[in-house]
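Colleague: The structure that follows is given in the form of structure tokens.
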Amino acid sequence: MKGLWIVTTETSAEPTRRDFLYIATGAVAAVGAAAAVWPFIAQMNPDASTIAAGAPIEVDLTPIAEGQDIKVFWRGKPIYIMNRTKKQVEEARSVALSALPDPQTDQERTKEGHEQWLVVIGICTHLGCIPIAHEGSYDGFFCPCHGSQYDSSGRIRQGPAPLNLPVPPYQFVSDSKIQIG
Amino acid sequence: MSGPSTYQPQSPFMKWLEQRLPIAGLVHSSFIAYPTPRNLNYWWTFGAILSMMLAVQIVTGIVLAMHYTPHVDLAFDSVERLVRDVNYGWLLRNMHAAGASMFFVAVYIHMLRGLYYGSYKAPREVLWILGVIIYLLMMATGFMGYVLPWGQMSFWGATVITNLFSAIPFVGDSIVTLLWGGYSVGNPTLNRFFSLHYLLPFVIAGVVVLHVWALHVTGQNNPAGVEPKTEKDTVPFTPYATLKDAFGMSCFLVFFCWFIFYMPNYLGDADNYIPANPGVTPPHIVPEWYYLPFYAILRSIPNKLMGVVAMFGAIIVLLFLPWLDSAKVRSLRYRPLAKRFFWGFVATCLMLGWLGAKPAEGMYTILGRIFTFFYFAYFLIVLPLLSRVEKTLPLPNSIAEDVLNKGKVVGTTAASLFAAVLAGTMLFGGVQSAKASEGGESPPSLSWSFAGPFGTYDRAQLQRGFKIYKEVCSACHSLKLLQYRNLAEPGGPSFTLDQAKAIAAEASIKDGPNDAGEMFERPGRLADTFHSPFPNEQAARAANGGAVPPDMSLLAKARSYPRGFPQFIFDFFTQFQEQGPNYIDALLQGYQDTPPEGFSLPDGSYYNKWFPGHSIKMPPPISDGQVTYDDGSPQTLPQYAKDVTAFLMWAAEPHLEARKRLGLQVMIFLIILSGLLYFTKRKVWSNVH
Ligand code: FES
């Protein structure tokens, strides 16, 4: 800002030592001002304790009976863990990929050997509401906000949401325990 | 703001806008074409410096408010979380805290300049009064801001200052209750102070607009004190004043950054790193340095009501200055007698500042009364009298003529600059020397790897220190503000992440409730803190003979001792800040089996040479050979003491290395910028002289 007027006061067409001094001063001041802005922006990012609190969590699956689900929180996000029935798995696997707005197989979205378990982040990909489990016409999730319907694999089937419910990073530590994160 | 604008818009859009909202014309006439006297010296750049500081305080303050929690149980920790965990949080906090002091440094210089050159005289009375109002608002804002971190000084400062109002007859107590929102300083008080501390800076900004408006109506005063008569007496604001101001601001930033990056605690009080405790008053309640002269006036009057009246009167009298001093000649340059009294007044203010930091007893009270008298006498006797009897020197005919006598001016400017620097350092030292009056020996100054501008922690030492904390201190003391992950973070003891995880896993953390509604124990994780071994404060007290072992997170910054005059002045230049570590190290080695003759030691206490009062409840915590070192360092008490102290310093300030590293970069940058601005300014001004 300090540099702005400077260049215009120069009348000679040839660059002079004076020009150089003015431009250098203006440039250094501008660089300083830009650098000074950085801490004020960086402070808005999650702080170190928030990041540390987002560490992986372990969830015990034994209390979840077939056909039931639980909701746990990881990094402030609701995670659905659903113990699917045979019928739900079947439905999820029999649908043709071409019929899906966001094509993905059920195999890609679950872990091999643990087919009945569906773990998805329960945030509607439309505008962030929490879909309700075991509702809607696809045996999966129904978002009450604007009517998006997800199937039993958490894939978008109908409504304004563009994408499937995302699968968080997780792995099975044992047959009855998963680690999310 | 000064008459119809001469601004000629060029582009069609600007023409269109100018007819509807003449904002470009306003900016042009106020900050570009605005004529400024060509003989202004660098004391006139403090107006721009103050605008800059107001902006810095508002911007950093808004950011701090994003991370601060105004609640008595959470405020202290939220400030520490900001400093430790938020990206650049330590920087923003230091900027705001040191910025408050810098704001006052600049405002005092600005006011003294006004006083010296008679800038309050007709037609600038309203300009001056608006300035005094800004100053009053600044005092209120600064005070409430100091309360927000909710440390010991915050709490007791709030208590003492709000109690000033109890001196008002009849309604005093009701007013104090009203201010507190309770029967003592508490959560409602903190909440309203936060709200008002956020509001007042914008009120200040509003009054600043009026101040600048009034300035642009009357025009600036100048060192000669004669009004500009012809074109030759003035230069356009831009580029001449703009560049001069920019150079002044850049130099001031160097000074400011010295505090931000190297001396962040020099102007603060160690006691404010102890969380507020309504049950214990610190031995020395000292306000921030910028209130000290008024605090001295308050204490020198032996009557509660009159003391408060005198204190407020000392500021209110400034409002009447334009009429108390009726001399026609403005600048003290042409008033030889008044000039002497002016410097006497400056000395009086400094003395009052120094006395304000001293205990109110004996000699100090007497001196306090004498200088309080001098203070008021300057305004109420000296100035009215002098303006009638003094024989003034001949004034220059015009500003242009004044510029020709430049050589002389440089001499006086240099002399007064020197005096101001000296005065400033003396005032800063007031607080420090206050505590020096407690007397007694100071702990020996050790050499620390983290001292000085390039200081860094010694990794091996931090790891050894941590071992001592774990094996010895942690039996009684917590480190609540530290998390296990910190052990592996850059700038610290450099444990690997796996080592830190393993250390965390050794701890057992109470968590829950689980699905069955029960609390359970689990191994620690990286995000857990070093919690206290005792379930609650009462248990800690019971197990330790009635004394709670303090949390050690901030110990190295919360302990200090006086450095005395003139040592504290050298400390400013040598960046000495290691009182805390010196004290802790000395304390650990300061136990004596037999107290000196005549000292009666209470039961269950131990004699320690360095503990205040000498009687400490903590038994000697560590002795030779108690902890095994793997790296071959001597297993002796002095080595243990030094290692654990270094560890505690890191615990108190985990970003110390980042602070000093960034400080060096910023300093180099600012010095280059100041140099460039200086030469640019000289080039531009060369055609004026
Ligand atoms: S947010 Fe779910 S449908 Fe809009």
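Residue positions begin at 1 at the first shown residue.
Just so it is clear, glycine is given a Cβ too, placed from its N, Cα and C backbone atoms.
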Colleague: Of the candidates B:Met306, B:Met311, B:Met618, B:Met649, which does TrEMBL annotate as part of the heme c site that also includes B:Cys473, B:Cys476, B:His477?
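Modeller: Candidate listed by TrEMBL for the same site: B:Met618.
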Colleague: Among the binding-site residues B:Cys473, B:Met618, whose Cβ has the fewest other Cβ atoms within 10 Å?
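Modeller: Relative to the other binding-site residues in B:Cys473, B:Met618, B:Met618 has the fewest Cβ atoms within 10 Å.
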Colleague: Are there residues of the same chain, six or more positions away from B:His477 (heme c binding site), whose CB falls under 8 angstroms from its CB, and which are they?
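Modeller: Same-chain residues close to B:His477 (heme c binding site) (Cβ under 8 Å, separated by 6 or more) are B:Tyr469, B:Ser532, B:Pro549, B:Pro550, B:Asp551, B:Met552.
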Colleague: Cβ pairs under 8 Å with the transmembrane segment (B:305-325): which stretch of B:43-69, B:160-183, B:246-263 has the most?
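Modeller: Out of the listed stretches, B:160-183 contacts the transmembrane segment (B:305-325) most.
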Colleague: Could you pull out which residues elsewhere in the chain have a CB under 8 Å from any CB of the transmembrane segment (B:160-183), counting only those six or more residues past its ends?
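Modeller: Answer is 143, 189, 191-192, 285, 287, 298, 304-305, 307-309, 311.
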Colleague: Counting Cβ pairs under 8 Å to the transmembrane segment (B:126-148), which of B:43-69, B:195-215, B:363-386, B:662-680 comes out on top?
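Modeller: Comparing B:43-69, B:195-215, B:363-386, B:662-680 against the transmembrane segment (B:126-148), the winner is B:195-215.
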Colleague: Taking only the residues in the domain 'Cytochrome c' (B:460-592), give me the average pLDDT of this model.
Modeller: 92
Colleague: List, in sequence order, the same-chain residues at least six positions removed whose CB sits under 8 Å from that of B:Cys476 (heme c binding site)?
Modeller: B:Pro533, B:Phe534, B:Ala540, B:Ala543, B:Asn544, B:Pro549, B:Met618
Colleague: What are the helix, strand and coil residue counts for the domain 'Cytochrome c' (B:460-592) according to DSSP?
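Modeller: Residue counts in helix, strand and coil order: 59 helix, 17 strand, 57 coil.
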